[in-house]
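**Q** What Swiss-Prot lists as active site, proton donor is Glu187, and the listing cites sequence analysis. If you look up Swiss-Prot, you'll see Cys66, Cys157, Cys288 marked as [4Fe-4S] cluster binding site. The annotation isopentenyl diphosphate binding site is assigned in Swiss-Prot to His96, His185, Ser317, Ser318, Asn319, Ser379 on the grounds of sequence analysis. Per Swiss-Prot, dimethylallyl diphosphate binding site is recorded for His96, His185, Ser317, Ser318, Asn319, Ser379, and the stated evidence type is sequence analysis. If you look up Swiss-Prot, you'll see His96, His185, Thr250, Ser317, Ser318, Asn319, Ser379 marked as (2E)-4-hydroxy-3-methylbut-2-enyl diphosphate binding site, on the strength of sequence analysis.
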Amino acid sequence: MDTKTFKRTLQHSENYNRKGFGHQAEVATQLQSEYQSSLIQEIRDRNYTLQRGDVTIRLAQAFGFCWGVERAVAMAYETRKHFPTERIWITNEIIHNPSVNQRMQEMQVGFIPVEAGNKDFSVVGNNDVVILPAFGASVQEMQLLSEKGCKIVDTTCPWVSKVWNTVEKHKKGDHTSIIHGKYKHEETIATSSFAGKYLIVLNLKEAQYVADYILHGRNREEFLQKFAKACSAGFDPDKDLERVGIANQTTMLKGETEQIGKLFEHTMLQKYGPVELNQHFQSFNTICDATQERQDAMLELVQENLDLMIVIGGFNSSNTTQLQQISQERGLPSYHIDVVERIKSVNSIEHRQLNGELVTTENWLPAGKIVVGVTSGASTPDKVVEDVIEKIFALKATTAVV
C-alpha cells in the first residue's frame, strides 16, 4: 500500500476530522473542572515547593499533561458533545491514564474489544464515530475504518505524525527504519505500519547487537529469532541493514535515542566511509519536546536532597516508566503509582517496578521531617497529582499526632 497517498486521501475525506468541532471553549471549562488543581498551581507559584508539617514537597518543573495529551482529551470531549446520540469508539485507550479512560467510559465512549490479542472491529457500525488516540493507529486500522464509512476523529499527537513522516522518508530512500521503541506499544505499532522495512530495538544493548551484525556478521538465524516480533515481514538482516534510518517511539529516553542514533552513524561510517555515509544512513530529530522537558526536569530534581520519589502515571505509560528509571538510576527510593489508592498507609504502598511487577513495600514513608520529590507522566492530570500529595500530607499529619 502507498501509505502516504492513503493518508493524504483520508485526510481530505468528509468523514475525517483532526481539528475539532468548534466546542473548544466549552470543553476547556469542563476539562479545567475535572483535571486541573488549585493546589498544584499553588506549588508552581511557590517555586515548585510546598511545606506542611514534617513534609516538604518538591515538584519537578515539567510534569503532567503535555500539549498533545490535552489536545487528544479535549477532542474526545468535543466529539461526544458534537455527536450526543451516536455510538462512539476509541481504537485504544485515549491516553495511558486510568482515570481519564474511566471518564471516557462514563461518557459512553466504547473501547474496541480485544480477543486473543486482536482487536474486534466487527462491533463498529458503518455510521459510528471512531476516535484515534493520541499515539495514533496503524494504517491497516485506518483503512478498515475508512472502508466501513465511519466518521474518524484523529487525535494523533503531531509529534507522532512527525515520526510517521520520517519513516516515510526512509522508505522513499530505500532505507530500513530502525525504530527505538517497544514493539508491543501502540505508537510503535502505528509507526512501523507506515514504514517499509523496519527493525525495532528496545535499548542500546539491542542496538549494539545490530551494529555488531552490520560490521562483523553473526548467526543469521539467531538474529531473526531475537527480533522475530520486532521486524517487518521477510526481513533479511544481510540485505536490509545496508541502508538504515533512525526513528523512535516519542516516549523513550531522549539520551538513549541519541546514543542509538550516534551508534548507527558511527557504524555506517566505519563500514562505508565518509563519502558514502549519507547513502547508507539517515537521521532526523524526532525526539518529542514534552518528553525531553519532563526527563530533563526529572534529572534536575533527583540531584536535590530527597528522601524519596513518587512517580505518578499509568502503569502502561512508557514516558512515566522512563521517569521512574531516571530516579532509580540515581539510587533514590522511588515508587511508581497510577492512582492515590496505591498508597495504603504510612507503612504500605503498592507500586510498579521497572520489570512490570506490582509489589507492596512496607515502611516506605520515613519518620520525622522528609523531602518528597514528585513528578508525573505526560498523561497524568494535575488532579491525580494533588490527590497523592494530599494523601502524603494527611498520613504524616496523623503519625505526628500519634
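For all residues, glycine too, the Cβ spot is worked out from N, Cα and C.
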**Q** Just jot down the residues in the same chain as His96 (isopentenyl diphosphate binding site), at least 6 apart in sequence, with C-beta under 8 A of its C-beta; none if empty.
**A** Gly313, Gly314, Asn316, Ser317, Ser318, Thr320, Gly377, Ser379
**Q** At the Cα level, what's the spacing in Å between the residue listed as 'active site, proton donor' and Thr250 ((2E)-4-hydroxy-3-methylbut-2-enyl diphosphate binding site), rounded?
**A** 8
**Q** Would you mind sorting out which of Cys66, His185, Asn319 (the binding-site residues) have a C-alpha within 10 A of the one on Thr250 ((2E)-4-hydroxy-3-methylbut-2-enyl diphosphate binding site)?
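**A** Hits: Asn319.
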**Q** Please give me the CB contact count at 10 A for Cys288 ([4Fe-4S] cluster binding site), counting all chains in the structure.
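**A** Taking all protein chains shown, Cys288 ([4Fe-4S] cluster binding site) has 26 Cβ neighbours within 10 Å.
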**Q** Which whole number of Å gives the largest C-alpha distance between any two of His96, His185, Ser317, Ser318, Asn319, Ser379, the residues noted as binding isopentenyl diphosphate?
**A** 15
**Q** Could you measure between His185 (isopentenyl diphosphate binding site) and Cys157 ([4Fe-4S] cluster binding site) for me? Cα positions, answer in whole angstrom.
**A** 15
**Q** Cβ distance under 8 Å to Asn319 (isopentenyl diphosphate binding site), same chain, sequence separation 6 or more: which residues?
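**A** In sequence order, the residues whose Cβ lies under 8 Å from that of Asn319 (isopentenyl diphosphate binding site) (at least 6 apart) are Thr251, Thr291, Arg294, Gly313, Gly377, Ala378, Ser379.
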**Q** When you measure from the Cβ of Cys157 ([4Fe-4S] cluster binding site), which residues in the chain that are at least 6 apart have a Cβ under 8 Å away?
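**A** Same-chain residues close to Cys157 ([4Fe-4S] cluster binding site) (Cβ under 8 Å, separated by 6 or more) are Gly68, Val69, Arg71, Ala72, Ala134, Phe135, Gly136, Thr250, Cys288.
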